[in-house]
Amino acid sequence: MTHWRSRLLLAISWLTFTFYSYLHEVGSISLSTADARSVRRSTASNRQLKDSYIVQFFPSENIRPSADRTPVIDDAVHVAFERYLDSSIAGLYTVRHRMTDPRLFFALSLTLHEGANISTLQGFEGVMAIHPITIMDARQVLRPLVRQSNEAVVTPMSKNNTASVLAAVAEAPHRMTGMDRLHAELGGNGIGQLIGIIDLGVDYSLTALNGGKKNGDKCFGDGCPIAGGGALVNDQGNPGWVPDPFADCPLLIHGTHVTGIAIGNDTNQGFVGVAPKARVNLYRLASCTDPFVAVDTVLSAMQRAFHDGVHIISMSISYESGWGSRPIAALASQLVDHGVIIVAANGNDGESGAFYSQSPADAPGVIGAGSVDNDVLLGRTASYVQHGASTDFVYLSAKSIPGNGSPSFPVYVTSKTPSEVNDACQPLPDSTPDLKNFVVLIARSFSCTMDTQINSAVDKGAKRILIYNRNRLGKVYADVYADVGADLHVALIDENVGVDIVNAINAGGKISISFAAQTNVAVNNPVTGRMISYFSQTGPSFDLRITGSVSAPGGSILSTFPVVLGQVGADSGTSMSTPYIASSIAAYRSVKGNSETPAQIRSAITTTATPIAFAANQSILESVARQAGGLINVYAAVKRLTNVWPDRLHLNDTDDFQATQTLSFTNIGPKETQLFTMKHLPAGTIFTAGDKGLYSWNAGPLVPVSEHQTSIEFAPSTFSLAPGAKQIVKAVFKSPSVDQEKIPIFSGFVKAESNTPFGSLTIPYMGVAARLGKIPVLNLNGTSTYFQPSLVEPVGDQSICDDRHSYNLSDDTQLPTLKFQMFAGSRLVTVDLVQANTTFKPTIALQCGHRETSLVSPNDGVLGNVVTLIDLPRDDLQYAVAGPNYTDFKGASKPIPNGHYRFILKALRLDQPSNVSSSYETYVSHAFHIKRP
């Protein structure tokens, strides 16, 4: 399936927001404006903030050293800019955020009111770039899915009291990552570390987050686990600093959950986070009354975190990119350069396939967080009753299903066909009774998502829903898919139990289910536990960088919820693995000290991680494009005796294959000489495109195969290394055979195997067995009435296939519109306005109709620019709209005169020089008339 979404998403299971910018070179600011613009068609929850922009200024020359974290306030440019605005459009603008540190993203964001025009912003001499402000709706939920396998079903692990079982479940991720040993043996609890979490607010009245006080007692500021931070918006959702990040509403539950993962500590419940002695500054991005989060708010929060002196920033935020260069990503890289360690979510669009890297995780220097599934989940016992005989079973849920004083509830099955593939994927029939007093039983579907199934039952009044699993699917908390705070209880049960109940009902039996006597149970997840989560994003970037660093537990994670919402809950996403990795670094630093740079710490956790197989009981390794370095092992990182640089190897594509790579190893152990043997651990190759023909990306998760793999020759292949000594190793890779249509990504690990415990390291590598410059960047797929690229009707999108359409430019909804969609990403896309009789010869023919205007002009007849876009992601859908003005090549806005025109679309192909005309795919549209009234 091709996705046209462009998101900036708070990457759990929740938050999605589009983010793109018009960034221009000095002296050629050519913007999409009210006069000449490019518009992305979007839903109400995924859109640009009306008439709102970030104005980025050239930084001044007085830049302080990077070690200095003192806030720098250079108001001179901002004051001059606001004076300029007051002289031009006084009273017609409102400032949103001022970012006054010239070392960082130096900018001011504002909203223009009626009567003001973006061209005024362009007129100020110090403007470097202007970016539209895009927002996201925090209520929009992105639900992860799970992977098929052939493993066994649920097996109860232990039965005990609530606290011990909760402790066993909460401790499971720590056993997966070596954190349990770091806590127990080395005292790695994060003491002395300050983590900045940029998120959606936190309930600091929880026992787990208030320093051990009783639930309901707030603790914020000095001496408290939540030591600082605040809200970047007030309670009405308007921009403005409020020095309090508290939130306990369902909309902002995400911040409390991720904070609990990082530093939660409730000894009564046996719940301990990754770094329970670290402190957190939380920066709240939204309010309970206004669910929208804006890009400038995120930028402002990042700068506040830097000035507040945080050591590590956790950002469960991602937006479609492929390049790692947009403002949030650029600021993230700047902060890393200034010594701040930044961990960002890789994203939850694993089903979208490869080359789908997300920013800021793909920004240079940032630690990108992938997700693995938890291997132990919380279960509870219930029983079903038939003819007076009771049979116990286990259901998986972060919260118990209440009996409400009833001894049992009758069962309603939405399909009497056992394990029906499409069960409840469509609305239930009108004959369905009111399901309020039933337990509704649904078979987990392969063809629709669990939230679709849940909503089908909820629409008929369901309050208690049991979804019976497929034996080949991993275990999940089904309640993750239900609305938070709703009077609704959803749980997953074993397939055998569900089938037995359906068969009994088909045989005429009356089945009821009782939740009266419940016992907590820790349940193993052997199918997908410790495997890369289905939803975890797949890279690489379009400049062929490995965009993640390591993966951590993120699937089915139990953590804190606000007091009013039950105190404990589960969620899934790379949003969960992000604070896990950030707080792992805090725990690491509390043992190792603060002397290591962000790059050194990234290397430490990447090269000591554990490479992950694609599926349980399979030897083939998951692609580095998904897992990066593998599953983080913090204990091994702390105990390691060897350093290596670089921590990843980029082999590039076939045309620019980087066959010879150099690795530098250092023995940092105090005593022993280590003996090393160089080994190759190839991962499976993934085919990223072509299964459904040209212009189709293969849906994920992509199954790795033992094809198109590389071989490596090492020199030396063995060596000894005394304490403090260094060794250079040359690794020569063989280029795999080319498969241009399928665009294979090959990858794996170079392993330096030591004879000493904690001396071995694995270094991920990745390349593409295709020619990047030959990959199409514009998508030419269409239908019999909808073509692309093409001139389209402004309303309805139907393609225009003649040269006779006329526009008077007086109606803003009826303007010349060019529709185009990217296949791959592109560094540079331009749409220009030209005379209809241009002689320009495009590389892409008209997609419908034929050219009716003769070519008699002696030149290309370029009038000016409609829009210039940079760093577009794959699958991006754009509508370039002309009128009433255009931008000439000196940056001036001018009225479009009456005439006969066409659009010229130019898209730079991957890995090609922008100053060579043959580097572009080009298209010339049908002609259209402009006749002003």
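In case you wondered, yes, glycine gets a Cβ from its N, Cα and C as well.
TrEMBL lists 1-23 with the feature signal peptide.
The domain 'Peptidase S8/S53' annotation in TrEMBL covers 191-611.
The feature active site, charge relay system is assigned by TrEMBL to Asp199 (among others). DSSP classifies Asp199 (active site, charge relay system) as strand under the three-state reduction.
Residues or ranges marked as active site, charge relay system in TrEMBL: His254 (among others). In the three-state DSSP scheme, His254 (active site, charge relay system) is classed as helix.
For Ser575 (among others), the entry in TrEMBL reads active site, charge relay system. Of all Cβ atoms in the protein chains displayed, 33 besides its own lie within 10 Å of the Cβ of Ser575 (active site, charge relay system).
Per TrEMBL, domain 'C5a peptidase/Subtilisin-like protease SBT2-like Fn3-like' is recorded for 650-766.
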C-alpha spacing of Asp199 (active site, charge relay system) relative to His254 (active site, charge relay system), in angstrom: 7
Residue counts (helix, strand, coil, in that order) that DSSP gives for the domain 'C5a peptidase/Subtilisin-like protease SBT2-like Fn3-like' (650-766): 0 helix, 60 strand, 57 coil
Asp199 (active site, charge relay system) CB neighbourhood, other CB atoms within 10 A: 34
Cβ neighbour count (within 10 Å, all chains shown) around His254 (active site, charge relay system): 27
Asp199 (active site, charge relay system) and Ser575 (active site, charge relay system), Cα-Cα, nearest whole angstrom: 10
Per DSSP, three-state class assigned to Ser575 (active site, charge relay system): helix
